[in-house]
C-alpha cells in the first residue's frame, strides 16, 4: 500500500507499529516474530493464536487506548523451542529482526524479515531428527494443460529438498500413483504443489507430511534456469539441466524458489540436482510401507519396525542413508551386488569392522554441521563438533585400509557356490574391496580445516558467541591482550600504584575506584607537595586530594572496555573461522557421504553377524526361494530359540500363487510379511534372516494386510480393503510380489468368497505374479485343482483336549479346521458363550439348515431333511453362569502346588459359587 493510500487508522499507529504492519503485510500467512529488544513480540491475531497454541500470557499494547491491541512475547534466546512447537502444528513463522546495534542508532531501529521458517525448511539442530531427512517436496505438472482429476496422466515432476543437508533431487514420474508412492517414501514435512493439481494436493495432505501447500505462482519454463541460478549456491549449468526431464527441473525450480523467498538474501546450499530414477528402485507404496511397518509401527513409533532391527549405525548421516535405502531398495542387479559385496567385506573382517565403527562413533554429523556453517548458522559448539568429527575421520580410513589384502580380491561370482563360514561370507576376499580401497586411498579428510579448528577452539566451546570464551589462549595476540587486561586488572592497578609511588616518593599514594568517579589517585595532605604536574586534580577530600593522569586514564579505559573488546575480537575471529569452514563445505559433505556409506555397510554386517543372517543370492531369474526364513522383527522380540523358521518357494515357472489357510494366531500374516521383508532386505543390499535365500528381482511389493477404516474419508473397513485391493490389481506386474490377507471378510460370506475367488484368479491368470494369499475361505483351496501353479499350504496347529497348540510351521495342503472357538477361549470369552458356540458349530458342520431355509454349510450340497438349528433355543444348551464360574476357577488351579488347607478352602469357594451351603 502506498503512503498516500494509507487509511486514517494507520496514520494513528506509532512508528514501530507501522513497521510491524508493513512486515506483516508481506507475510500474511505466517506468524510474525517481531524483535523488540530481548523479546520477539506478536500482535493482534498472531498474539491470540500463539497464546492459545503455546499457552502464553496474552497482554495488550496501549491498554485502554483506542489503538489497544493484543500482544504476546517470547524471549529471543528461547525462541527456537517455541518456533519448533508452532511448526509441529503446521504454522509458518516469519522472523523480523532489528538491523544494526540499537545502542548506536538514534531514533527508530530498522527492522526486516530475515527468514520465514516453514515445516519443510528447518536447519536448527534441536528441531531436526538426526536420523532422518527433513524434506520439502515440490510437485509440478510439467507445464502441460491437464484436468483436475488425480487419475489424469503424467508426467509429474517431483523434487525433494533437504535444506539441512543441501540435498536436492528431482525426478519425473509417469502417473499419479507413482507420484504418491514416491511422496510416501520420502515422508516430506511439507509439500508444495502446483495450483493446477488440486487433487494431488488433497492426496498429499493425507500422507504423513505436515502440510500440503498450493504454489499459486506460475512457472515459466523459459525462466527456470534463471530461478535455479539465482537460488543455488553455485550456478547449475544448462548441460546439467539437460540431463533431467523438464517436469523434474520445473519441480526443482519450485522448491528452490520457495526456499529462497523464505530466506531472502541467502543462497540455498545446493550445488547440483541429483537424479532419482524411480525405475531403478523397488517400489513400495504407502500402504505396503504401513503394512510391513518398515520405519513406522502401527502406534506411530519406531519400536517394532524393520528399521529398529537393522539400524545400528553410529553416525547420523549413516542412519539417514540406511533409512533411504530401506525405503528405496534397488531393482538393479549390479547395484544390489555392489552393496552386498561391501557388507560381505565387513562381515568377513570383524576386527576392521569393529575399529571402523569405533572411529565412526566420534565423527558426528559432518554433513549438517558443514551446511550450517555455509548458511552462517553454525555456533561455536557446532564448529567444535565438526573439529571432533574431522579428528576421528583418519582413524576410520585407517580401519578400512587395515583389511588384509584389500584391493587384491578376485571377482567373485554371485552363485552362492563358494564355501561359507559362520557369518555366511564367501571364502576369500570380496570384490567389494576394490572400490573400497580406491575410496580409502583418495578420500580427502579436510586436514587443513581440522588443523585450524584444533588450533583455534577450546576443548568444549560454548553454545553461542554471547559470552565469549571460544578460542584457545595463544591463538590470537590481540584477543590475548584484551583478555589479559580483563583478567589481571587488579595486578595492573597495583603495578601502576607501585610505579607512581616510586616516581613521586609519596608512600601514601593509593589508586582507588568508586562508581561515581571511576579510577583515581589519592594522596594524603602530608605528601601533596610531591605530586607531579602531570597529575590532574579531580576532588578535594578531608584527608587529601584525588587526581588522575593520562597513564591512569589509559589503563582505566583498557580495564573498562577489555571485556567488550575481547568479545568483539572473538566475534570477528569466529566469523572468519566459520567462513573458512563454509568455503570447504563441498569437501566436508563429500567426506561425510563416504563415511555414511561405510557406516551403513559396517552396520549391516554387524547385524548379520549378531543375528545369523546370510548373504542372499539375488538374480534376474523368476524364483523366490527362502530356506528357513525368519521374520526379522518378530524374531527380535521372541524368546531365544522360540521363533519357528519356514521355507518358501514361489516361482513364475512353477508354484507362483500360494493359498494359505489356518487358524488365527497361527502365523499366516507373520509368514507373508516375513517373505516381503526378506525381499526388501535383499534388494536394499543387506543380508537376510534365513539359512539360504534366492531372490529373483522384484519390481514392487503390494500388500493388503490387516483391518482398518478411514473415518475422515467416510470409508468403512471393507471399503478400505476393496480400495487397496483395487490398487494392487491395477499396479501389479508379472515381476511384483503380492501379499493378501483375508480378502472379502468385511461383507457377507457369499459376497466375500466371490470377491476373494475372483481376485485370486485375476492374480494368477491376468497378472501372473508371485503372490501369497491367506484366507479363511476353505472353498478357495479348490482353486489348486485347476492349475499346477496354485498351491495350498497351511500353518499347523494341534488340539490337546479343549486347547489348541499353534506350531507356526508351514505344511503342504489346506488346513482342516480354523480353531476359532479355541482362539476365542484363549482370548477370555466366557465359558457359557464358548459352550453355546460349540453347539452351533457342531450343527453347522453337520449340514443343518439355518432359520429361513438357508443351508448352514457352504460345503453342503443338499437342503432337505436337515434339522433346523434354533438360534433362540432355551438356555439348556449353554452352561449356566454359576457353573461357568466354577469351571474357570478350576482351570486356574495349579494342583501340584495346592496345599491341603488351600484345597479345603477351594472346595468351600466352589460350593458357594454353586449356591451350596458352606
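Even glycines carry a Cβ here, placed using N, Cα and C.
The Cβ of residue 667 (ATP binding site) lies under 8 Å from the Cβ of 644, 795, 806, 808, each of these being in the same chain and 6 or more residues away along the sequence. If you look up Swiss-Prot, you'll see 662, 663, 664, 665, 666, 667, 668, 669 marked as ATP binding site, on the strength of sequence analysis.
Listed in chain order, the residues near the ATP site other than 662, 663, 664, 665, 666, 667, 668, 669 are 670, 774, 795, 797, 806, each with its Cβ within 8 Å of the site Cβ centroid. Sorted by the number of other CB atoms within 10 A, the binding-site residues 662, 663 start with 663, the lowest. A coil conformation is recorded for residue 662 (ATP binding site) in the three-state DSSP classification, outside any helix or strand.
Looking at 664, 669, the binding-site residues in this record, the fewest other C-beta atoms within 10 angstroms of the C-beta turn up around 664. For the binding-site residues given as 665, 666, the lowest number of other CB atoms within 10 Å of the residue's CB is seen at 665.
All chains included, 27 other C-beta atoms sit within 10 angstroms of the C-beta of residue 668 (ATP binding site).
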